[in-house]
């Protein structure tokens, strides 16, 4: 929005208004301060995620969500009333702390309350709400773009979902896992009966108690997760979130309006914002596909199909941009070419939304047993945010220097991550969290690393089931 750029980023606004044909379109928005505004949120989230791990374990999942909601509220108010760039960035950092707490607690909460048969679908509800949030944000941006202080409405209205999050965290039940972890056994048993809707929960309750007792014997969870028996979990908690960001999705989602302006979509902010709305709609619809297929076809099928389709889309987008803009960044798309490009960008967004988007959160949250779950989720969140921050920080500079080659750069990582999943990830569909360790001893690669006696109790409980 021009009033926003004029107030906080006048240098960027000046470059944006430069209509000279010699202007390199790739470098139009390459500005360190603008990048810092975007990425400061993720730097704060990275630091907060480690504190959130301890809070989630000691105070419960509900408390961690409430704290996240309060930080969201303060951050949105600071942004809405921002008078200078410092106030704006401090507000973004408060929002980042909220992200750190909620990314830590919400996926764990959903995995713990969900029955195994629909755990995937319920956990993807987390990603579904994120995609709806992105769409609503894009619609608000589009609706307020013509108002002089539209940016204040756009940033400040984030207080509404923040308030809803705070109220919601007070209304939801605490997970039986968390209650047992903190010694509230009877309350946990009642809660398990409530969320399962049946009195026949003795076997599952006993599994939770045994898992909790084993977890309490772990004196150093951060050191424990590095033991050979947990090498698979540690590997996936690092590589899956890293690869999720190296798909290049945030190149599209963070900077969609900027990117579409660079590529010549329409004649101003409205056209680029509307293009971002279109990708937002695709994001929501495609996430619904994942909800209805993840527990039917499994995690591996969606991740592998997603890798192939994302690679194809990125190569086509990179080729089209390269042919039109070349190395000097001078050129523009015709309306037909812009529509074709938007189609393949949408196809790419859709693929991510039913594969690596939701499953990048689901798989790490469901493969960690209770004794390493807080540490595993903290590593997952921290890695995700670290790579999100890094890519957000360098994207506009990389676009300026790598030009259309940036899309081939991310396509290469998509090939690597697809091979990684095909080779190393077993199917986790319908496997109870407490029995997840059994998968590793039967996998062609992990059985060479994981001790054969890792989970005798889990094996016995599985044979009883």
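Even glycines carry a Cβ here, placed using N, Cα and C.
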Range annotated as transmembrane segment - as stated in TrEMBL, picked from 203-225, 272-294: 272-294
Transmembrane segment according to TrEMBL, located in which of 301-321, 427-447: 301-321
Whether the transmembrane segment (33-52) meets the transmembrane segment (375-398): three or more C-beta pairs under 8 angstroms: yes
